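Among the features that TrEMBL reports, domain 'MIR' is placed at 267-323, 337-393, 398-455. According to TrEMBL, the feature transmembrane segment maps to 15-34, 61-82, 102-123, 130-152, 186-215, 530-553, 565-584, 604-624, 636-656.
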């Protein structure tokens, strides 16, 4: 007896979530690709972005106020679908005739269709509620504005694809917080970065989602700092993931101002007695590194650890020595310089601990059938297992070795194995650094290739490697500054419908995409009124619920621990992230001096739609708690979600001609199929 537990009111998200994902994805693609060829003429801003896609196909220089990625992708889609770049895109209404425009429209529709499954998965991850995810998906599927914006050659669906991809990846990465540096953690972290770069590469407003992810990261790092089960080293490693110059290749770092390789002058060729760092060429392979700590009992030989470390550190420094003699005399200014050559057998002595790079037939810590790599010996004196043959890829024996530019491999003389970075993260005893092994499988992969990065030898002259091209950076900087200034200085064209930010959430005024008169094929960008007004109402409702939840939790009101946990996780954390996303993508427009249009609100609308799904799911669960019978509670809960979905679908049924096109009398004419639907005088259809 008593109220049913909150977890019983909704199906488990794992039960049927894949079927739900497939269903909403199918509906999304059908709704976006339906009547995609119509109208067969240029609509609204297709005149700009279709033209710019043509410029890329024809390799014609042009200027635009937005970054280039979106137009490049449009051009690529047109090129791959057979469009030759010859249509002029002079003005809206120009017919495409025989020109193939469907590839570019289809590409934008595809990305626009992906918004629904992205939002579905994001809400599912935040709320763990399948009904909340389904409600969010149906809101976006049946929004006339989202459909319209996805069906034409525009930057908006491309921007929103990367934006929602970044949000989904961020949320998924957060879900892996209990297993940092795991494969899934790295995957979602990498996808977050890729999508953030994509959003910024399409429009400068992509900065807003970068800010959202940045604030989320700061919150996570602060939370980690208060986790006393983590060592300060682990917290520092999490923090260091941010800058991370060492994640990138030496050539990439040389173009980063402030990096120690920027405009660097160092000795060009490697010599005995040189102090160097070695960087693995595998992506995030790290620097060859050692420290005083030993491998633990039962992990190979109990000798000094050798790892790959992703950051700059004094423990990355090694001294190059001859295999059969000491090198101290080579540093004498009077002794001749002896260069290291392809095919030489060398020793590498760790500068800080004076132990040699060493391998033997003990098994590596993590990678089976690979050999362990250790630091061995005292003050540089070891044994024959410290000898390594240095070889340069693609060079002949006797050739000199160039710093930064030569790709080298180190072959262990005694066993024939090759030094490499496995990419696997060691346990806490290895400070969660990357495993270094000696692989007996002679295969040329980035894992087994290295380059020398830092190079110190006072006997050798320094030369500039000229890896930096200042003129290119100057051009790049100038082009971006001009884009930003051009963007901020945009003014409306004659007779163009502009709007103010306060107009957008209330669906005050739409945009004509095609046609003006009764005889024209008319498409009008306007949101589904029920969806937009429900979203607006929900923003205020969420604020009340969030404040109430915070007060209830603070005052210690008697609730089950499960319900408290759900309120905190879903309302304050999940809903809070989404509400912050809405604020960051809406409020900045009030401070912009440039001309603004209705379509600028759609990224914020994605967040308000997700907030609606989360809020109404939580509210219906709350009210169902007061019903004693679990069957009745489930019916009320499910019925409430269903009623909202049916209301949204009915509104879509009424207003779908706005997206899919209408011909005939205007809505003000009683004989019009849209008669009676002009609920606001500012709607112009």
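Just so you know, the numbers here start at 1 and follow the chain as drawn.
Using N, Cα and C of the backbone, Cβ positions are placed for all residues, glycine too.
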Rounded mean pLDDT for the residues that make up the domain 'MIR' (398-455): 87
Secondary structure content, the domain 'MIR' (398-455) (per DSSP, counts of residues): 6 helix, 27 strand, 25 coil
Contacting positions for the transmembrane segment (636-656) when only residues 6+ beyond its ends and CB under 8 Å are counted: 9-10, 131, 134-135, 138-139, 142-144, 526, 528-531, 534, 616-617, 620-621, 623-624, 627, 677
Helix, strand and coil residues within the domain 'MIR' (267-323) as assigned by DSSP: 3 helix, 27 strand, 27 coil
Stretch contact, the transmembrane segment (15-34) with the transmembrane segment (130-152), Cβ-Cβ under 8 Å, 3+ pairs: yes
Tally of residues which DSSP labels helix, strand or coil - the domain 'MIR' (337-393): 3 helix, 29 strand, 25 coil
Long-range neighbours of the transmembrane segment (565-584), counting only residues six or more past its ends (CB under 8 A): 6-7, 126-129, 167, 171, 208-209, 211-212, 215-216, 539, 542, 545-546, 549-550, 552-553, 559, 604, 607-608, 610-611, 614-615, 618
